[in-house]
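Positions annotated as ATP binding site by Swiss-Prot, on the basis of sequence analysis: 8, 9, 10, 11, 12, 13, 14, 15, 16.
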């Protein structure tokens, strides 16, 4: 019942690594970020607007947390979730945090979303500011504290293939 949780800020490579790892290990892939993006689309707001709405309505985050926990309990899954490392830690065989310098993350998001570097940078800074406030208020923890993770990787220094191989070795 393997459970790998991959957390990190926007643009850190969570989805890329999680999808590749799930594929190579024959595990299910679950993305809390995709659920959050889908919810924003469904109600017709931007990610930043949904983040701001979640400040006032904790049920938005709790709904995603319940989904992450249920998937972790089912096992045989790679979960990609900004807060997954904190929420699903008791179920994780390997708890991974990916990061990269802000400039690199902005370049990745600009490429992924087809927006300018400046727009991506502004989006990241706005989202992270709201998220940090929201997460501290709702959960009482500091997302900058990484002690709970088994592996912390700067993905600007290590590509997705190397990260996947490192995680696979940790599962042996």
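Cβ atoms are placed via backbone N, Cα and C, with glycine included.
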CB-centroid shell, 8 A cutoff, ATP site 8, 9, 10, 11, 12, 13, 14, 15, 16, site residues removed: 98, 100, 105, 108, 155
Residues satisfying Cβ distance under 8 Å from residue 14 (ATP binding site), sequence separation of at least 6: 6, 7, 8, 33, 80, 81, 82, 98
In the chain carrying residue 10 (ATP binding site), residues 6 or more apart in sequence that have Cβ under 8 angstroms from it: 82, 105, 109, 123, 124, 127, 128
Entry from the binding-site residues list 12, 16 having the most other CB atoms no farther than 10 A: 12
All-chain count of other Cβ atoms within 10 Å of residue 8 (ATP binding site): 27
